[in-house]
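Listed features, source Swiss-Prot:
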type	residues	note
DOMAIN	7-167	domain 'N-acetyltransferase'
BINDING	Met30, Glu35, Glu43, His51, Ile52, His53, Asp54, Glu85, Phe86, Gln87	spermine binding site
BINDING	Glu35, Glu43	spermidine binding site
BINDING	Glu35, Glu76	Mg(2+) binding site
SITE	Glu85	site 'Could be important for selectivity toward long polyamines'
BINDING	88-90, 95-101, 128-137	acetyl-CoA binding site
ACT_SITE	Tyr135	active site, proton donor
Amino acid sequence: MPSAHSVKLRPLEREDLRYVHQLDNNASVMRYWFEEPYEAFVELSDLYDKHIHDQSERRFVVECDGEKAGLVELVEINHVHRRAEFQIIISPEYQGKGLATRAAKLAMDYGFTVLNLYKLYLIVDKENEKAIHIYRKLGFSVEGELMHEFFINGQYRNAIRMCIFQHQYLAEHKTPGQTLLKPTAQ
């Protein structure tokens, strides 16, 4: 697993859009994302411009030893209800090395301690066993199953909604006197 010092999050910048575009257009990366792979770069640029000051989302680039290794996003941030949707993509060459767990913890620390969110939730394909295993390891629990939620490759797919609450996360990952890891983008 990458060391604590080799993994960090930083805010998504315009210069990162080519990297994001490569991830978005990789069918193996996007197969569990319930979205069509393949979007035009101009569409991605327009989305970036439209949402650059949107307070309902925080998007981070995951870096491992200074190299771009994935994306972590807190989207649909609702400050009244103190919740957000958690999303993560790790580049194929960095998968299986514990990076998703490290990056997720950094984003969760940010969500629960900086944004003071009460709840993080996610939607995952029921058949994505690797992701579900990682999410359970991080403390997420199943809230329910969404039947025939997404139409992908000619068939409907079920999804699982999972969540974790601030008090659960802090009890598991913060001890008295310990400083939580923070993304560099505070």
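The count begins at 1 with the first shown residue.
Any Cβ shown, glycine's included, is placed from N, Cα and C.
A map of Swiss-Prot features onto the structure.
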residue: Glu43; record: spermine binding site; Cβ neighbours (10 Å): 11
residue: Ile52; record: spermine binding site; Cβ neighbours (10 Å): 11
residue: Asp54; record: spermine binding site; Cβ neighbours (10 Å): 11
residue: Glu76; record: Mg(2+) binding site; Cβ neighbours (10 Å): 13
residue: Phe86; record: spermine binding site; Cβ neighbours (10 Å): 25
residue: Gly98; record: acetyl-CoA binding site; Cβ neighbours (10 Å): 13
residue: Thr101; record: acetyl-CoA binding site; Cβ neighbours (10 Å): 18
residue: Lys130; record: acetyl-CoA binding site; Cβ neighbours (10 Å): 11
residue: His133; record: acetyl-CoA binding site; Cβ neighbours (10 Å): 10
residue: Arg136; record: acetyl-CoA binding site; Cβ neighbours (10 Å): 12
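When secondary structure is read from DSSP and collapsed to three states, Ile52 (spermine binding site) falls in the coil class. The two recorded residues, Lys130 (acetyl-CoA binding site) and Ile52 (spermine binding site), have Cα atoms 32 Å apart. The separation of Ile52 (spermine binding site) from His133 (acetyl-CoA binding site), Cα to Cα, is 32 Å. Within 10 Å of Glu76 (Mg(2+) binding site), counting CA to CA, the recorded positions Ile52, Glu85, Phe86, Gly98, Thr101, Tyr135 contribute Glu85, Phe86. Cα-Cα distance from Thr101 (acetyl-CoA binding site) to Asp54 (spermine binding site): 26 Å (rounded to the nearest whole number). The two recorded residues Gln95 (acetyl-CoA binding site) and Tyr135 (active site, proton donor) have their Cα atoms spaced 15 Å from each other. Over all protein chains present, the Cβ of Glu85 (site 'Could be important for selectivity toward long polyamines') has 17 other Cβ atoms lying within 10 Å.
Arg136 (acetyl-CoA binding site) carries a helical DSSP state (H, G or I).
Around Tyr135 (active site, proton donor), the same-chain residues at least 6 positions away in sequence with a Cβ under 8 Å from its Cβ are Leu122, Val124, Met162. Classification of Ile88 (acetyl-CoA binding site) by DSSP places it within a strand. Across the structure, Asp54 (spermine binding site) and Arg136 (acetyl-CoA binding site) are spaced 30 Å apart at their Cα atoms. The separation of Ile88 (acetyl-CoA binding site) from Glu43 (spermine binding site), Cα to Cα, is 20 Å.
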